[in-house]
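Please read the structure below before turning to the comments.
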Amino acid sequence: MQKNILVLGAGAWGTALALQLAYRGHNVRINSWKAEHNEQMLEDNNNHKYLPSIEKFPSRLKAIQDWQANIIEFDSILVATPSSGFKNTVLELKECILPQQNIISATKGFCHDSYALLSEIAEDILPTTKFALLTGPSFAKELANQLPTAVVVASKDINYARYVQELFSNENFRCYTTTDIIGAQVGGAVKNVLAITAGIAAGMEFGVNAHAALITRGLAEIKKLGLKLGANSETFIGLSCLGDLLLTCSDNQSRNRRFGLYLGQGMTIQQALKEVNNVVEGYFTAKAVYNLAKKHNVEMPLVFATYRILYEAADPRDIVKELMTRQLKNEN
């Protein structure tokens, strides 16, 4: 099943997925929204800016400048932009996408202005276009280096989910399917906020007891919000939630965890963002999750605490004391 795939978004994650598709035998073209970045990839045949460990792209992967003019060449479009650029990317696609083409999203987060799920944004703009989400515990560098990785493909259309599953899967990359696109998105987005929380705790040297408690209670918070939004309970113990939460909270390859680590060590927000020097999705997602939880009357103490640190200049040590001395309660 050889296909022609367009990848929009040439960060580390978009590039790693483009590499995976090329290794799988597909013809892949990748585009960055920055013209100079495209020129670098075309000239050097690599993406050293985001994946320096990959010396050269395989023969089936090349950069492309004017993707709109060449849209007819592609079977599927993979969107791997930051969440801030997702809506505008889909709006661009609306102007040129063909009826037989479909979309795969590798973006995690919520819409920054409406706090809607990204699938809702895509369905609103392109109501007749098939949509799937690829999510789960996966660092770009490890995938690019063909280390074993397992993820989930979520779509309301199980047949389309299976199509995407076949598109990506090989001996190094295993895709499972689900129709719970809400749960898969909530897990993949909120874990970025909790990774910041975990980083703050690590930066303050709180130890592994606190780390374990944070992941466990954080999972409970994700589940509460997800169920309120219409997700299935089983999704939250799978790869898209628990798996991704464990990965992102526990390893400094995570930009969100590193950002939190710097905050816990005493840096300001701006200093920490500058030190990470890349998009920290959890910083923006914290505001969306906070507002969604308030709207739906969902108690999320860890998320609320992280929001206060990020947006209300709360002192992390005061926040920890408040969390630990809240009214005692039953675990469930």
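Backbone N, Cα and C atoms are what each Cβ position is placed from, and that goes for glycine too.
Under the three-state DSSP scheme, Lys191 (active site, proton acceptor) falls in the helix class. The feature active site, proton acceptor is assigned by Swiss-Prot to Lys191.
Counting only same-chain residues six or more apart in sequence, the Cβ atoms lying under 8 angstroms from the Cβ of Ala140 (NADPH binding site) belong to Gly11, Ala12, Trp13, Thr15, Ala16, Tyr50, Leu51. DSSP assigns Ala140 (NADPH binding site) to a helical segment in the three-state reduction. The NADPH binding site annotation in Swiss-Prot covers Trp13, Lys34, Lys108, Ala140, Arg255, Val279, Glu281 and rests on sequence analysis.
Marked as sn-glycerol 3-phosphate binding site by Swiss-Prot: Lys108, Gly136, Ser138, Lys191, Asp244, Ser254, Arg255, Asn256. The Cβ neighbour count for Ser254 (sn-glycerol 3-phosphate binding site), using a 10 Å radius and every protein chain shown, is 24.
Its Cβ taken as reference, Ser138 (sn-glycerol 3-phosphate binding site) is surrounded by 23 other Cβ atoms within 10 Å in the chains shown. Counting other Cβ atoms within 10 Å of each Cβ, the lowest count among the binding-site residues Lys34, Arg255 belongs to Lys34.
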